[in-house]
Amino acid sequence: GADPDPRAGCRQDDVLVGAPLYMARQPDGQHSEVGRLYLYLRRGQWPLTRPPQTLTGTHPYGRFAAAIASLGDLDKDGYGGWGTWWVLTSPVSPDVAVGAPLGGDGGSGQVFIFRGQSEGLMPVPTQRLDSPFPGPAAFGFALRGATDLDGNGYPDLLVGAYGAAKVTVYRGQPVVVARTQLLVPDGLNPKLLACVLPGSGPGVSW
């Protein structure tokens with residue numbers, strides 16, 4: 001069972017299903033094996049939503065959605081979690097990594113990052129990770145997310161590339177931290193519309 005969420009009342013289980021062999025019909029009528037991801041949401045006491053949200057790959061034979069990993073709240077926007085780990089259990093959808101181990105140039109593999117929002121996942125990935133290994137590395141064959149390896153408060157992502165016998169670690173970190181402060185002088189006179197800058201003669205109106 002799911003533990004209660006102190007912010008939203010209860011936690012609901014969503015389900016992600018990968019179909020890496022899914023074939024989509026192209027404009028010319030032909031079918032192309034591009035892979036597809038299905039997201040079934042659960043809200044309140046209702047069963048899983050139907051029809052599900054779908055995200056479809058673009059690279060033929062790329063095996064999109066062969067691996068899926070919940071990342072928790074990767075960008076700290078409030079969608080995806082409030083603890084140090086996450087397994088697709090939330091009143092909102094977490095950020096998600098989707099592997100395409102045969103995608104990209106040369107078929108060496110790719111991983112796509114989709115941000116969570118109030119009603120599922122954003123339809124366009126916010127980030128694409130290309131394989132750092134040459135040849136058929138199968139980068140993205142295995143994924144592990146929602147784990148803070150360095151203890152900085154942001155979840156990290158592990159990507160397995162069995163063709164290269166390597167594991168790549170992508171560390172989550174803040175890009176911009178903005179802090180604002182408003183200072184109001186005690187002796188501010190709103191009726192005074194001109195002042196003189198120290199060391200200068202011109203008046204300044206504000």
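Cβ coordinates come from backbone N, Cα and C, glycine included.
Annotation source TrEMBL lists repeat 'FG-GAP' at 50-123 (among others). The average pLDDT computed for the repeat 'FG-GAP' (50-123) is 80.
The annotation repeat 'FG-GAP' is assigned in TrEMBL to 126-187 (among others). Broken down by DSSP into helix, strand and coil, the repeat 'FG-GAP' (126-187) contains 0 helix, 24 strand, 38 coil.
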